[in-house]
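Chemist: Handing you this structure, nothing more for now.
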Ligand code: UDX
C-alpha cells in the first residue's frame, strides 16, 4: 500500500518506519524544511531505541520518503494517518488546532481513489466526526473519503516493540471499506482486533491512559500512608499485587507520572467530563496526587540536604527516551532554583532538551560522578539502568555529604545503611 503520515514524532515516525519495513511505500509529511532535511539524511531527531537503524534501513530501500509537499504524497495514498500533537491548552483541553489544520490541507489534495483518513492523534470524543465534516466540506467533488480513529498505545522507550507486539489494535470506523483496509494493513502484527465506532475508539484511548495514571497515583497515595506509619510500600504493593484481580504492574510509586500523554490526557478527560456535566472529582484527584508526590519529594530535599549544592541524576520523564515534556525533573528543578539551590545535573540523553528550559541556571555534566563534586545530596529522578549498579564507594568519596534522595526506589536501604549513606526513598523508612 501507499501510506502517508502527517507528523514525525514518537508515534508518527515509529509507525511509519515499521509499516515501511513491512514493504509499504510510506510518505511522511512534516512542517519544517530543517527537520525534513535531517530525516532524509537518516537523523530521526528524537531518541528512541532502535529507530535510527530502522530509519536507515528503510531509507536505503526507498520505502520511506519525507516531504513538506502534500501534493507529492496524499493523492497516491490509500491511507493517510494524522499523527500530530494535541498538547494541553492553558485550560487543560486538548489543543486540536493542528489536527483540524492538517485535515483541511488533506482535503485539498485527495486523489480520485477512495482514501481512508486514520487519526492516531489522541483526540476528545467527537473530534473525528469534525474531521469528517471538514473533509466533506473542503474536498473536491470527485473524491471519496472515510475517517477512522486508530488510537496508539505505544510507550516511549519501547515504541518499536510495542508497535510490533500490541495488546490490541483499535479501529473505530463507520465505513466497512475503511475498516477492512486498516485490518489488512495491520495483518503482519499480532494482538486482538477491536473494531468499533468512532466515539468508542476515541474514549478507549483516554480511558486507558487515565487508568494507568490512576494506578500510579494510587501507588503514590499508599506511599504517603507508608511514610507516615513506618510501613514499606514495596512490601505492601507486592503483597497486594499478588491478588490477580489487582496485579502489581504499573504501580511503582515515585516522583509522579510525566511525559507527553498521561498528564495531558487526564486533564483533557477532566475537561471533557466538565463539558458533559459529569462529576470529574476523581480525575482531578489523580492529578492532585501526582502533584503532591512531586511536592512531597521536594520537601525531602529541602529538609535533609545539608547545603544548597545538590546533584540530580535522571532528567527525562522515564528511562530510554530523551523526552522531558512534563518530566518531574522540570518541576523539581524549578522549585529548587526558587529556593536558591545550585544544581548539577546528569542524564544519558536528556541534557539538550533540559538546557532549552533552564539554560545556564544549572550546570550540566557528561559524567555522572563529575556532577557529584562537592554535592550535599544526590537526587535520583529517572531509573536509568546505568544508575542501578554504580560505584557507591566512589559516590561517597566524591560527595561532600553522603546523602541520596531516591525518587525511584532503585537502591536497597539495607545496603545504603551498610555503606554509611543517609538514604531517603519513596514510601520506605529513611536511613538516617
Ligand atoms: C503512556 C502509555 O503507557 C501508552 O500506552 C500511551 O500510548 C502513551 O502514554 P508513555 O507516556 O510513553 O506511555 O510512558 P509510561 O511508560 O506510561 O510512563 C508514564 C509516566 O508514568 C512516567 O513518568 C513513568 O515514570 C511513570 N510511572 C510509570 C510511574 O511513576 N510508575 C509506574 O508504575 C509506571
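Just so you know, glycine gets a Cβ as well, placed from its N, Cα and C.
Copying in the features that TrEMBL gives for the protein in this structure:
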BINDING   35, 86, 122, 156, 264, 325  NAD(+) binding site
BINDING   153, 154, 155, 156, 205, 250, 251, 252, 253, 254, 258, 318  substrate binding site
ACT_SITE  261  active site, nucleophile
DOMAIN    311-413  domain 'UDP-glucose/GDP-mannose dehydrogenase C-terminal'
Chemist: Using residue 205 (substrate binding site) as the reference point, find which of the binding-site residues 86, 122, 156, 264, 325 has the shortest Cα-to-Cα distance to it.
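Modeler: Considering only the listed binding-site residues, the nearest one is 122.
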Chemist: Between residue 122 (NAD(+) binding site) and the residue listed as 'active site, nucleophile', what C-alpha distance do you get in Å?
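Modeler: That separation, Cα to Cα, works out to 9 Å.
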Chemist: Please classify the secondary structure at residue 155 (substrate binding site) using three-state DSSP.
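Modeler: Where residue 155 (substrate binding site) sits, the three-state DSSP reduction gives coil.
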Chemist: Restricting to the chain of residue 264 (NAD(+) binding site) and a gap of 6 or more, list residues whose Cβ falls under 8 Å of its Cβ, or answer none.
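Modeler: Counting only residues 6 or more apart in sequence, the Cβ neighbours of residue 264 (NAD(+) binding site) under 8 Å are 86, 87, 88, 94, 326.
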Chemist: In sequence order, which residues at least six apart in the same chain have a CB under 8 Å from the CB of the residue listed as 'active site, nucleophile'?
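Modeler: Result: 122, 209.
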Chemist: Under 6 Å from ligand 1 by Cβ, which binding-site residues from 153, 155, 253, 264?
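Modeler: From 153, 155, 253, 264, counting a Cβ under 6 Å from ligand 1 as near, the near ones are 153, 155.
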Chemist: Going by DSSP, is residue 86 (NAD(+) binding site) sitting in a helix, a strand, or coil?
Modeler: coil
Chemist: Which one is it, among the binding-site residues 35, 156, 325, that lies nearest to residue 251 (substrate binding site) by Cα separation?
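Modeler: Smallest Cα separation from residue 251 (substrate binding site) among 35, 156, 325: 156.
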Chemist: Helix, strand, coil: count each for the residues of the domain 'UDP-glucose/GDP-mannose dehydrogenase C-terminal' (311-413), based on DSSP.
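Modeler: For that range the per-state counts are 36 helix, 18 strand, 49 coil.
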Chemist: Work out how many Å separate residue 258 (substrate binding site) and residue 325 (NAD(+) binding site) at their Cα atoms, rounded off.
Modeler: 7
Chemist: Please work out the mean pLDDT for the residues of the domain 'UDP-glucose/GDP-mannose dehydrogenase C-terminal' (311-413).
Modeler: 97
Chemist: Any idea what DSSP makes of residue 205 (substrate binding site), helix, strand or coil?
Modeler: helix
Chemist: Counting across all protein chains shown, how many other Cβ atoms sit within 10 Å of the Cβ of residue 155 (substrate binding site)?
Modeler: 15
